[in-house]
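Enquirer: Pulled these features from Swiss-Prot for this protein:
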| type | residues | note |
| --- | --- | --- |
| SIGNAL | 1-31 | signal peptide |
| TOPO_DOM | 32-441 | topological domain 'Extracellular' |
| DOMAIN | 34-154 | domain 'Bulb-type lectin' |
| CARBOHYD | ASN46 | N-linked glycosylation site |
| CARBOHYD | ASN120 | N-linked glycosylation site |
| CARBOHYD | ASN147 | N-linked glycosylation site |
| CARBOHYD | ASN243 | N-linked glycosylation site |
| DOMAIN | 293-329 | domain 'EGF-like' |
| DOMAIN | 348-428 | domain 'PAN' |
| CARBOHYD | ASN387 | N-linked glycosylation site |
| TOPO_DOM | 463-546 | topological domain 'Cytoplasmic' |
| DOMAIN | 524-546 | domain 'Protein kinase' |
Amino acid sequence: MRGELPNKHHSYTFFVFLFFFLILFPDLSISVNTLSATESLTISSNKTIVSPGGVFELGFFRILGDSWYLGIWYKKISQRTYVWVANRDTPLSNPIGILKISNANLVILDNSDTHVWSTNLTGAVRSSVVAELLDNGNFVLRGSKINESDEFLWQSFDFPTDTLLPQMKLGRDHKRGLNRFVTSWKSSFDPSSGSFMFKLETLGLPEFFGFTSFLEVYRSGPWDGLRFSGILEMQQWDDIIYNFTENREEVAYTFRVTDHNSYSRLTINTVGRLEGFTWEPTQQEWNMFWFMPKDTCDLYGICGPYAYCDMSTSPTCNCIKGFQPLSPQDWASGDVTGRCRRKTQLTCGEDRFFRLMNMKIPATTAAIVDKRIGLKECEEKCKTHCNCTAYANSDIRNGGSGCIIWIGEFRDIRNYAADGQDLFVRLAAAEFGERRTIRGKIIGLIIGISLMLVLSFIIYCFWKKKQKRARATAAPIGYRDRIQELIITNGVVMSSGRRLLGEEEDLELPLTEFETVVMATENFSDSNILGRGGFGIVYKGRLLDG
């Protein structure tokens, strides 16, 4: 018995100490990270849920007026920064409200026990669930047993408000039918849904759009394997590792920070600008390291179809080669919001492609995507499709792969100084006039030389034929080996060295038939040779008539 007295004494001492400790430090008594089915949070109790590492805190809050909200904010940051609001569009109108678990759902009740917000889970109801705030800022509902499945029954990360935290996914979950996007606050003092959204569009290639009233304000460009084609600076974020996933189950973007002790977030502000922040502990303030849209060229379709935006030119809008302003007067006066039209209509079979380098490629919502083929096959595919107006690679890694072809009008492209993507635009062959002139000169020269050779050959053949005919016509008339023309004068036959037939000479001497001469000279017998002269051999002959 004596040995038990000190133990009882220490137990009493511990409980007395714990009682006074909780009385003196009431905040510590409510710093829990879970909410069980038997517990609740009320506005009046000032109770909150704090993540295990003390990074985030969840509780009721108000900014101005009598509207109360349930939200999550950074616990250790001096500037109160909200990252999630549960009942943003259904605030409590007075300081009487409660958060609890009911039928395996998280619910917020007002002073009349009316549900103003709920997780709305349906299906089989678990006997015991618990809500927990994690150190990454995710508020989850899960089974109360630790050995149960790691899959959450519900999580706040699936229902973002205006902020994307590290490890939080933005995009579509096909398996559960979720589309996760951020929506701005209505004002700096009103967390209800504002007019601007930043969400994923999966038609064509997946890419993010900034919307207002369902009108596009800006666009990230599609994922090109390394970054979004309209956010080249992503590769300069050394402290942030980002990932884009596209498969049958989900299409989503997420990021994480390399320094787990630092705080980073992406937030869409009240005027629709998406901003990236990191917390600077020494200055005790948020540092904005990135934002979008950052200039005029980031505004969606600012230059209209068939035109590109370039911040280094004046005006910033430029019609693509082969196109011209629909209203040159408006463009000359500085109004470049009009359209560009083709100078020469396409002919399908003879069209060619003009290469635009370092571009943010057009919106792909109406494009055809084939990731199985390369750039050469993509060009052939575009050529055979007469309505194809441009093509490009879908992935720029390892020299490029995949194919995007645009049908009809395309818009929202811009030119970068470097690191952009190649875009091949279809133009009529006539738009390549300068190149065709050089080519035409070469072809013309080849044809000219060929014609000259053929003509020279024809002339040569004609000349050879004429020479042959001339020789045949001018050949001396003789008998066997003695082919020559004979001239007979007073019974004397002389062989002329040369006399063309057909030449008319004014001869007074009588002409004698050749047969007669042969007979008269006894077949040119040597016995009848009189001698040789300048005109050849001279024969004597005797005619029949004496």
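Backbone N, Cα and C define each Cβ position, glycine as well.
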Enquirer: Could you state the CA-to-CA distance between ASN46 (N-linked glycosylation site) and ASN387 (N-linked glycosylation site) to the nearest Å?
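Expert: Checking the Cα atoms of ASN46 (N-linked glycosylation site) and ASN387 (N-linked glycosylation site) gives a distance of 65 Å.
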Enquirer: To the nearest whole angstrom, what is the C-alpha distance linking ASN243 (N-linked glycosylation site) and ASN120 (N-linked glycosylation site)?
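Expert: A Cα-Cα distance of 30 Å.
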Enquirer: Give the number of CB atoms, excluding that of ASN120 (N-linked glycosylation site) itself, located within 10 Å of its CB.
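Expert: For ASN120 (N-linked glycosylation site), the count of other Cβ atoms within 10 Å is 10.
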Enquirer: Are there any residues at least 6 positions away along the chain from ASN387 (N-linked glycosylation site) with a Cβ closer than 8 Å to its Cβ? List them or say none.
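Expert: Correct list: ILE407, GLY408.
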Enquirer: How many neighbouring Cβ atoms, not counting its own, are there within 10 Å of the Cβ of ASN243 (N-linked glycosylation site)?
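Expert: ASN243 (N-linked glycosylation site) is surrounded by 10 other Cβ atoms within 10 Å.
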Enquirer: Taking 10 A as the limit, how many CB atoms besides its own sit near the CB of ASN46 (N-linked glycosylation site)?
Expert: 12
Enquirer: Which numbers of helix, strand and coil residues does DSSP report for the domain 'Bulb-type lectin' (34-154)?
Expert: 0 helix, 51 strand, 70 coil
Enquirer: Mean pLDDT across the domain 'EGF-like' (293-329), rounded to an integer, is what?
Expert: 93
